[in-house]
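If you check Swiss-Prot, you get these features:
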type: BINDING; residues: 35, 74, 137; note: L-thyroxine binding site
type: CARBOHYD; residues: 118; note: N-linked glycosylation site
type: MOD_RES; residues: 30; note: sulfocysteine
type: MOD_RES; residues: 62; note: 4-carboxyglutamate
type: MOD_RES; residues: 72; note: phosphoserine
type: SIGNAL; residues: 1-20; note: signal peptide
């Protein structure tokens, strides 16, 4: 249990470090950013498919945005402040394809984070996932945009 807490603390620290702004870009105003880390290799998880869905009025999930993580394990530019309105969103990280590409048979098909966004006004969300073949851990950093 203590090692799990330490792992979560380290993950949260990495997220705070990445909040300073994406590496080498001017996308610090990105309202939704995803960061994926490989716990086995101790490195960013590169080229991981990420799909974002928004819950519709009829309770179904509608595709909202998608992309793949960069060399830094980050995915920016999923949406704009204007498009990212109040609602319930689901971030789905394709963990199976990532591990299969490394020759590993994983347990999970994907990692999933469902959250309510912008219900207290505009916010910026960083969703971070720490992956291993048989487990994953997620955390989020939610900040108020600076004008």
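Even glycines carry a Cβ here, placed using N, Cα and C.
Here the candidates are the recorded positions 30, 35, 62, 74. The one whose C-alpha lies nearest to that of residue 118 (N-linked glycosylation site) is 30. Checked against residue 72 (phosphoserine), the recorded positions 30, 35, 62, 137 differ in C-alpha distance, with 35 being the nearest. In space, 74 is the closest of the recorded positions 62, 74, 137 to the residue listed as 'sulfocysteine', judged by Cα positions. DSSP assigns residue 118 (N-linked glycosylation site) to coil, not to a helix or a strand.
Maximum intra-site Cα distance, L-thyroxine binding residues 35, 74, 137: 16 Å.
Residue 35 (L-thyroxine binding site) sits 22 Å from residue 62 (4-carboxyglutamate), taking the C-alpha atoms as the reference points. In the structure shown, across all protein chains, 74 is the one of the recorded positions 62, 74 with the greatest number of other Cβ atoms within 10 Å. According to DSSP, residue 35 (L-thyroxine binding site) sits within a strand segment. Between the CA atoms of residue 74 (L-thyroxine binding site) and residue 62 (4-carboxyglutamate) there is a gap of 23 Å.
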